[in-house]
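Student: Below are the structure tokens for one structure; questions will follow.
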Amino acid sequence: MADVLNALEEKVVELQQSESVEVIKRHFREFRKIWETARVELEYSSIQLDSVLRYEKAVQEYIRLNRRYRNKIASGEPWLPIAQEIGKIVDEEEITSPSDGSLQKRSMDNSGSWQSDDIYLTSASQVTAAMRDIHAQMVQAVDMSAENAMELSSSTNLLETLQEKYFGVEDVLYTSKRIIKSLKLSDRSDYFLVVSGFGFFIFVVVYLLFKRIVWPILSMFLWFLR
């Protein structure tokens, strides 16, 4: 950026020293090319305040010279370099009013106007720097909102996946409950079946014992009693 600012300032000096219309037109074209490069670097790179002030001062001087050139062309006056025009004005003032007091007053007025121009340029540069900071903050806020939107979308997808898994687990739990209930019923029926089978087995055993062992002994005992 420093090289571009130096080129802008050198081009402003060349514009001020231009002695013909063709030369100043060429310098205007070259200045505009350098100006485009400076605008790009100023937009996409971090620039210090003094560099912004130099940039604004060079651009304002270019605008002033361009306006002066257009006024000269519109009025039909010949183009003169800044130094020659100032010397011409001083010579005319010395002829018309050679007093030192008036010259000092006029020089003070000129210096005051330059100081006011510097104040305006400083204010404009500060506003430009503030706008650049606001632009950077807005870009950062947009990036943060985009990141938050991406995180929110990712969280939404995760919640949807968890919801689907929850519904799947709920279906599995419902099916498992039905299976457990049917297994309990099966266990109860099996228990009754086993108990009834065991009871029948005991009955058969008791019947056989009574029929084969107890009854013959009992019948013999009853026969002797008769």
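Backbone N, Cα and C define each Cβ position, glycine as well.
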Student: Swiss-Prot lists coiled coil for one of the ranges 7-29, 53-75, 145-167, 168-190; which is that range?
Tutor: 53-75
Student: For the topological domain 'Lumenal' (211-226), how many residues does DSSP put in helix, in strand and in coil?
Tutor: 15 helix, 0 strand, 1 coil
